[in-house]
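**Student:** Take a look at this one; I'll ask things after.
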Amino acid sequence: MQNIDLISEEEAQKLLEELADKIAAYNHAYYIEDNPLVSDSEYDQLFNTNLKLEQKFPHLILENSPSKKVGAKIANKFAKVTHQVPMLSLSNAFDEQDVRDFVDRIKIFLRLNEFAPIFCEPKIDGLSFSAVYKHGVLTTGATRGDGYVGEDITANIKTIKNFPHKIDNVPEFLEVRGEIYIEKQDFLNLNKEQDEQGKDKFANPRNAAAGSLRQLDSSITAKRPLKYFVYSGGVTEQNLASSQDQLLTKLKECGFNINEISKLASSEEEIFAFYEYLKTNRENLPYEIDGVVYKLNDFVLQNRMGFIARSPRFATAHKFPAIIGQTKLLSITVQVGRTGTLTPVAELEPIEIGGVTVSRATLHNFQEIARKDLRIKDYVFLQRAGDVIPKIMGVDFDKRPNDTETFDTPLFCLSCNSKLHYTPEDIIIRCDNGLNCPAQNYERIRHFVSKNAMDIEGLGRKQVEFLIDKGLISNPLDIFFLKEKNDSSLAKLENMDGWGKKSVENLFKNIEKSKNVSLPRFIYALGIRHIGEQNAKLLAREFGSYNNFIAQMELLRTNEPDIYQKLNNLEGIGDKILVDIIDFFDVKENIELIKKLGGILNIEDYKETREQSSLTDKIVVFTGSLSTISRAEAKATAEKLGAKVAVGVSSNTDLVVAGVGAGSKLKKAKELNIKIIDEEEWLTLIKNV
């Protein structure tokens, strides 16, 4: 990663665009697929790089910035549940200084002279949930989803042992929030069962819990050893108590499981002592934790602090350092992705780290092998922080055997044997043989049918590989003629190994169902390099319909300057991504394939809905000193209500809030005849919005 202090504005823009796409993909894999692609520590590093870039270049903040989002958009297989109060994620603290900064921000924001008590509790590594009770009866259970809309898992949550279905002496409407998890030993037992039944094993306890809870068949969920803790009252918590410690006491009285390991800290020293206690004893706990959560204990102060786009100001998560292990590097294999990128993967002697058996680790690129001087048969240090594929941190050179073997970077593609192309600025090696490369073609079809693309259930890795090997499909278009081909063939698919009448019927139904697709999903399904879900949405928003999209892309092939400029001006589409789009549509076969797909699919026009309020999109300027609230709190409230807060007055300004000692900005607002109100009027206004 580049040095943020030395980065230019142009480089920052490109990096922000890349980070937005990467983090969106990682969010989807983690929250929706229950299949994280990178370690927690690597994700945190990317996210913090994004934040630092935005702090240095605030004018470059993208519409699809990760700092504005929580989780990922929910899948289509569950009914949707809208959270009355968003289920946001927490900001992270990685060391004691970060925690001190968190405490200082509270003091400054609230204008406090003394330490405000902080409630400390373990950060459970599970799946967040919300449960709603009406007249004491459980009516709705939901996942976090994207923070605003989650998945309805009511039937599944009712199968969890000791989860209350009915409670007494509570308000007419009650919400609780918490974490659903699987204990370490239960996870090992579950994986043993999966292995004995020939099913894929779960990567870690969190994945197992998430996968179990997101089953369409609740009888499967009922067989899984799920447990839970509640830690919040959601929209109703302030009807139950005035502080976090009182709330947990009340929820326990109602019959909910709460985590008894907690601490109400009265100083920074007490915070750090509790953190060290948990860090030292985490391996002795029956469940996985990945840090400690700190919250302002007082709900009145929490309300005043409020939220930023994706997290509350009044809470943070102090993360534990990653778990380190050591094992032997047995070999290095190479994978070819759908865009031709070659990725080396370390094959390891299996090792258990934090209750999970690890046998593979990502090496990211071939330069990393040389930089770390990795050799086959070396003993390597492995880092795991709740991830699926951990990261190799380095070599134990003191234990290096005499018979180690260096790894030779391939010159030819392992799939199609074509000469490889090396791109120094991307630090990657690529096969440019496109769809003539079997590995790329396979991965492209796999991407096309994936959940967040065309979402064709029943076409997993094994099924796609089988259909290609049998010559039944060779490109995405063939999928939609599979039933027709099967009906006219003597060798029926349902009679072949691994298939059956029911599975084939379901597959054909799912293929037919997928023909109705939104424009953003369709664009994403095409597999254009660097066009993830967010950038696909940007393109869909710009062009509106499939017909306009394909027409404009054909113009792009003819070097039409207007369309080039239009794409170049899109926030989130930089020069690098634009080149990738041009390269994709320069291939005649790609245009032909898209047109044929457009002829058989119902591709819905792009639609976007936005909630409106009286302050939405209004430009507000604060000037002078405010007596009852801090400037930061006033700004946060305005943004929460949809306003855009500016630092200077211009003809575009809609409202000026003038405090004591307002000067030049107030004068200019009067000259421009802009509406001006004082602090008291502002407080009345926001109360009534």
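Any Cβ shown, glycine's included, is placed from N, Cα and C.
Note that the structure is predicted; figures quoted are calculated from it, not measured.
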**Student:** According to Swiss-Prot, Cys413, Cys416, Cys437 bind Zn(2+); so which of Cys254, Cys431 is the extra one listed there?
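**Tutor:** Between Cys254, Cys431, Swiss-Prot records just one in the Zn(2+) site with Cys413, Cys416, Cys437, namely Cys431.
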**Student:** For Cys413 (Zn(2+) binding site), identify the closest of the recorded positions Asp44, Lys123, Arg144, Lys295, judging by Cα separation.
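**Tutor:** Comparing Cα positions, the closest of these recorded positions turns out to be Asp44.
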**Student:** For Lys123 (active site, N6-AMP-lysine intermediate), name the DSSP secondary structure in the helix/strand/coil scheme.
**Tutor:** strand
**Student:** If you draw a 10 Å sphere on the Cβ of Leu90 (NAD(+) binding site), how many other Cβ atoms land inside?
**Tutor:** 19
**Student:** Can you tell me the mean pLDDT for the domain 'BRCT' (610-689)?
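**Tutor:** The average pLDDT of the model in the domain 'BRCT' (610-689) works out to 81.
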**Student:** Express the distance between the Cα positions of Lys295 (NAD(+) binding site) and Lys123 (active site, N6-AMP-lysine intermediate) as a whole number of Å.
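**Tutor:** It is 12 Å, counting Cα to Cα.
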**Student:** Suppose we draw a 10 Å sphere around the Cβ of Lys123 (active site, N6-AMP-lysine intermediate). How many other Cβ atoms does it contain, all chains included?
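**Tutor:** Its Cβ shell of radius 10 Å holds 21 other Cβ atoms.
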